[in-house]
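Note sheet for the following structure.
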Amino acid sequence: MQSIDKFNFAGKKAFVRVDFNVPLDENFNITDDTRMRAALPTLKKILRDNGSIIIGSHLGRPKGVTDKYSLKHILPHLSELLGVDVQFANDCVGQDAAVKAAALQPGEVLLLENLRFYAEEEGKPRGLADDATDEEKKAAKAAVKESQKEFTKTLASYADCYVNDAFGTAHRAHASTALIADYFDADHKMFGYLMEKEVKAVQRVMNDIKRPFTAIMGGSKVSTKIEIIENLLTKVDNLIIAGGMTYTFTKAQGGKVGNSLCEDDKLDLALDIIKKAKDNNVNLVLAVDAKIADAFSNDANTKVVKVNEIPDGWEGLDIGPESEKLFADVIKGSKTILWNGPTGVFEFDNFSHGSRTVGEAIAEATQQGAFSLVGGGDSVACVNKFGLADKVSYVSTGGGALLEAIEGKVLPGIAAVEKE
Ligand code: AMP
């Protein structure tokens, strides 16, 4: 595998897979350009070297060509960010893209139309009838896998080298995120700077661990986090469980949870996690008190009660002050910290205090030398809401990709570039 820093792009055409899947309002204005800015160091390095760039990305989840998901909407802003008039190919494969890519001069940039306008990008058949038989489904899948080869080869043919800077889609074995890498030898494929940073951050919490290592798992449901929790139980010293999943653990141990979020079919699973933690010598830290509400609303009446004594008609929407202290003390004594998921309904200001306290404790530990990684949609929103993003070591841009990496899975987008 090549290193972007060492590679000289002078006179070379680079196919750069980025994640420009940015949110747009109804007038197609970009409402948050974080993902575009995140790719700038890579794109600027190539331009500085006097190379040229063919940019590939997806936008949204189109089921075919859809104007709403056209990457032309982001073209003016991309030109502005790069300080270069970016060209646009109105199709990611086909005549227009081939001609423009071939004519690209050093210092020029070509943005290809949304890769997901083609089923071949994801390699999944589209437009199958609801009543399609298993055989028809199988045949459709085989057909798209076959045409995917030609699609991937065409994308690869535009460039001399491949740069993957799309960590957000690294968990997908798609044409432009993984399969394309096979068309380049090890000296001509590499991670972009963003991807490099993400991979390093994940390595620090998965392999290069300074102890004690504490993971804080919050969010709504235990069922969506089970694989991560099981993997973490083999790695961490402390596992803090917070958020809505608290109450599944409370009920499993015989507590009263009132109307709190609770997965009744996961009670055995919760007990199993408690046992595994004990077997692995992991300090499982559960909330001891809860801030409860008589409605799912910021303006509901509230009380603080023991976590296992929540009356009917009331629901736990955040941890209470004793739990805050308990969690903060564990966090402040840690050298490696992973945070995924809020401790409560942080979107409501009256139930955001627990998440803020956890964020601040992580910031303090970081200041004292701990390495902290925050990732997975809502925890990123949390650190941004509390102004803590630059006080933690690393905020990941990848939601699903980060979670799969923490689950211990090999990400196809990473493996494809690393392959000799
Ligand atoms: P997740 O996507 O699983 O990380 O869950 C994040 C969501 O969990 C956020 O929108 C929170 O509002 C929600 N959440 C956290 N704690 C609770 C709770 N105690 N009751 C209901 N929802 C919660």
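Every residue gets a Cβ built from N, Cα and C, even glycine.
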Among R116, R356, which is the one TrEMBL gives for the substrate site where D19, F20, N21, R35, H58, L59, G60, R61, R172 also bind? R116
Do you know offhand how many angstrom separate K225 (ATP binding site) and R172 ((2R)-3-phosphoglycerate binding site) by C-alpha? 19
For ligand 1, the binding-site residues of N21, H58, K225 whose CB is under 6 Å from one of its atoms are none
Those binding-site residues listed as D19, E347, and which of them has the most Cβ atoms within 10 Å of its own Cβ: D19
Closest of the binding-site residues to G316 (ATP binding site), Cα to Cα, picking from D19, N21, R116? N21
Cβ-centroid neighbourhood (8 Å) of the substrate site, D19, F20, N21, R35, H58, L59, G60, R61, R116, R172 excluded: S57, N114, G168, T169
Please identify, from the binding-site residues G60, G316, G376, the residue with the sparsest Cβ neighbourhood, meaning fewest other Cβ atoms within 10 angstroms. G60
I need the CA-to-CA distance for R35 ((2R)-3-phosphoglycerate binding site) versus D378 (ATP binding site), whole Å please. 16
